[in-house]
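Peer 1: Before we start, here is the structure in question, set down as structure tokens.
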Amino acid sequence: MAKKNRLNTTQRKTLRQKEDEYIENLKTKIDEYDPKITKAKFFKDLPISDPTLKGLRESSFIKLTEIQADSIPVSLQGHDVLAAAKTGSGKTLAFLVPVIEKLYREKWTEFDGLGALIISPTRELAMQIYEVLTKIGSHTSFSAGLVIGGKDVKFELERISRINILIGTPGRILQHLDQAVGLNTSNLQMLVLDEADRCLDMGFKKTLDAIVSTLSPSRQTLLFSATQSQSVADLARLSLTDYKTVGTHDVMDGSVNKEASTPETLQQFYIEVPLADKLDILFSFIKSHLKCKMIVFLSSSKQVHFVYETFRKMQPGISLMHLHGRQKQRARTETLDKFNRAQQVCLFATDVVARGIDFPAVDWVVQVDCPEDVDTYIHRVGRCARYGKKGKSLIMLTPQEQEAFLKRLNARKIEPGKLNIKQSKKKSIKPQLQSLLFKDPELKYLGQKAFISYVRSIYVQKDKQVFKFDELPTEEFAYSLGLPGAPKIKMKGMKTIEQAKERKNAPRQLAFLSKANEDGEVIEDKSKQPRTKYDKMFERKNQTILSEHYLNITKAQAQEDEDDDFISVKRKDHEINEAELPALTLPTSRRAQKKALSKKASLASKGNASKLIFDDEGEAHPVYELEDEEEFHKRGDAEVQKTEFLTKESAVMADIDNIDKQVAKEKKQEKKRKRLEAMRREMEAAMEEEISGDEEEGKTVAYLGTGNLSDDMSDGDMPDSEGHLKKKARTVDYSHGHNPSNSVDDDIIEVEEPQTLEDLESLTAKLIQG
């Protein structure tokens, strides 16, 4: 291959000057641009660089949305932005374009370190932002990185120092800020918080505060979300300086956006459904919309898992998928890819995909469980009707939830229409669920966990006017899930639940370092650490139907009149305290070690083994015990004892001798029986050979007896050698002039069966004489 033509020094200098002039001209256009006077409709109308425009054009981003036209010019001018817009309005491009342009104007390289930090509440949203960034920034030289949970931390640590644009979730970003040596945020240019209110709702407030405190105060900050809340306003006070609000009125002033936050092309409906009939209605809805692409939202991952497993076994006629936060990252990514490519599919999901995720061509969004607030409702229904396309949403409200929640929707200018259920389309699946749960204990366990998670979700809701815990029909709801009854539930306080949420989202490394002493050393509890792989195997807890949680759920209530004898004993103080054990150390000398480890030497030092027997009282005695002389004389005279002992032992020996004789006799008879059986088989084989040979030569054979050897021979008459066997059968030769073929009667010689040896000799002589 020919070498590429390299630019000389003069040419490179000229190229740099042109680039500097282009960037200065671009900055001038940005400063002169007034969005109030000039309302841009296309990306090319904005003062952005050619590489960015080329990437946008290749990705088919031509026309600006309302939020993009309002926020991008303000962000390009360097202002902090607090933005809110409808779902599906293009908020991702609204902050990615300013990020790329900021670094381009600053001539950012990989040696300058981290230039922009983008924080997303969920892994799926972070992955989507990263994919969009790689498309529109394909003609720039910036390096981008994605850091989320479920990925290899060491792999990320090795490369994070060379990244210019970092995208990730709050927990993993804070972990890298604590651990990564080469990650320097002192020169950070931009910070972007996507779905900021969701980050706060998920318990990331302390994590976000810790991240913001480590960043440069001279940075530019962008906060984006489809909804704004008071918590976002509080975060804006801490993170933003002299910020501009785009697409929303200031929440801190108490004003409310009069325009509805849902897309205009979205058709919204609701139905009033009793809690016990929700699964019946859901299954009937899926059966009647087999040609659609839909997302079904439930309140917890346990419910998603249960509904997916049961509906999958009932086969509604459409592809089913499920996605929730407890899945592995690889499974979540594969599910998202399959759902995006499919055209007719139903996805059961939690709120982990309710925000920001761009699902193409979703026809229906079904909310089986009532969302916690109107903002969550807006984000859920925003998964369809994106970018001006049509879509439909349906929410199922119980009679207890309907009135209060509809008032909250109407206050936000959202007025869904009411739908009536056709009884002909409704199908009850309660018998099928009961049959499935009866056959499969694991499904029953999933149903119990789904019941508990739903009841707890209602208990922890803040809006008690919508979620009335005391009016829940628990028995009917348990029956609708296929359960025989409502499981026991232990409720925790709200403070405990908030603390558990914070512990769940807290970085594990920080929790580990919190156990360090004054010297910074972490002393681990060795008693809780498995020593070998076998210890790990035995200490591993079962997560299926045999788990401890399952046993606690299914434990029957103890009867009050139960007998006191039936007591369940719990073992206590079973852990061995190492301080109480003696010091077991090997000797220092090699000879002593060899002697201690040698089995032969250790046995020699222990002496001879002794055999013990135990009496009825459980006391041990040697097999042979010697009596004292006094005890011996107490039983009588020595000669008398000797005579009694000999008589007793003689009787015992006589009985044993009789048994031995009987055993010997049986063995002898068995041996003789086997020998006779072998002789019979040999005689029969020999006779068959002689018969076949004589028939071939045309000779007549005379048989003695009945013709059956087993009937003719008895045990007493059986000879002992093979020589006598051949004398039992005789071959008669008629070659002396008598032709056996002349008559049939001539071939038969009738004789009486010989009884003695003399009879046999007489018969032989007669046969010889003819």
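Glycine is treated like the rest: Cβ placed from N, Cα and C.
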Peer 1: Consult Swiss-Prot and report the residue, out of SER692, SER741, annotated as phosphoserine.
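Peer 2: According to Swiss-Prot, the phosphoserine annotation belongs to SER692.
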Peer 1: Annotation phosphoserine in Swiss-Prot: match it to one of SER75, SER218, SER589, SER714, please.
Peer 2: SER714
Peer 1: What residue among SER428, SER527, SER710 has an entry for phosphoserine in Swiss-Prot?
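Peer 2: With Swiss-Prot as the source, phosphoserine is noted for SER710.
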Peer 1: Can you dig through Swiss-Prot and tell me which residue of SER568, SER721, SER743 is labelled phosphoserine?
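Peer 2: Record annotation (Swiss-Prot, phosphoserine): SER743.
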Peer 1: If Swiss-Prot is the reference, give me the range from 14-17, 34-37, 194-197, 726-729 marked as motif 'DEAD box'.
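Peer 2: Of 14-17, 34-37, 194-197, 726-729, Swiss-Prot gives motif 'DEAD box' for 194-197.
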Peer 1: Kindly point out the range from 41-69, 476-504, 592-620 that Swiss-Prot annotates with motif 'Q motif'.
Peer 2: 41-69
Peer 1: Given the ATP site residues ALA85, LYS86, THR87, GLY88, SER89, GLY90, LYS91, THR92, which other residues of that chain have a Cβ within 8 Å of the mean position of their Cβ atoms, reported in sequence order?
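Peer 2: Neighbours found: THR65, ILE67, ALA94, ALA226, GLY382, ARG386.
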Peer 1: Neighbour count first, Cβ atoms within 10 Å, every protein chain included; then name which of GLY88, GLY90 tops the list of binding-site residues.
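Peer 2: Per the Cβ count, the most surrounded site is GLY88.
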Peer 1: Could you state the CA-to-CA distance between THR87 (ATP binding site) and SER692 (phosphoserine) to the nearest Å?
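Peer 2: Their Cα atoms are separated by 103 Å.
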Peer 1: Non-local Cβ contacts of LYS91 (ATP binding site) (under 8 Å, 6 or more apart, same chain)?
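Peer 2: Long-range Cβ contacts: ILE67, ALA83, ALA85, ASP194, PHE224, SER225, ALA226, GLY356.
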Peer 1: Across all chains shown, how many C-beta atoms besides its own are within 10 angstroms of the C-beta of SER89 (ATP binding site)?
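Peer 2: So the number of other Cβ atoms within 10 Å of SER89 (ATP binding site) is 22.
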Peer 1: Taking only the Cα atoms, work out how far GLY90 (ATP binding site) lies from SER692 (phosphoserine), in Å, as a whole number.
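Peer 2: Distance (Cα to Cα, whole Å): 104 Å.
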Peer 1: From the Cα of SER692 (phosphoserine) across to the Cα of GLY88 (ATP binding site), what is the distance in angstrom?
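Peer 2: GLY88 (ATP binding site) to SER692 (phosphoserine), Cα-Cα distance: 101 Å.
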Peer 1: Helix, strand or coil for SER89 (ATP binding site)? Use DSSP.
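Peer 2: DSSP assigns SER89 (ATP binding site) to coil.
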Peer 1: Which has the fewest other Cβ atoms within 10 Å: THR87, THR92, SER692, the recorded positions listed?
Peer 2: SER692
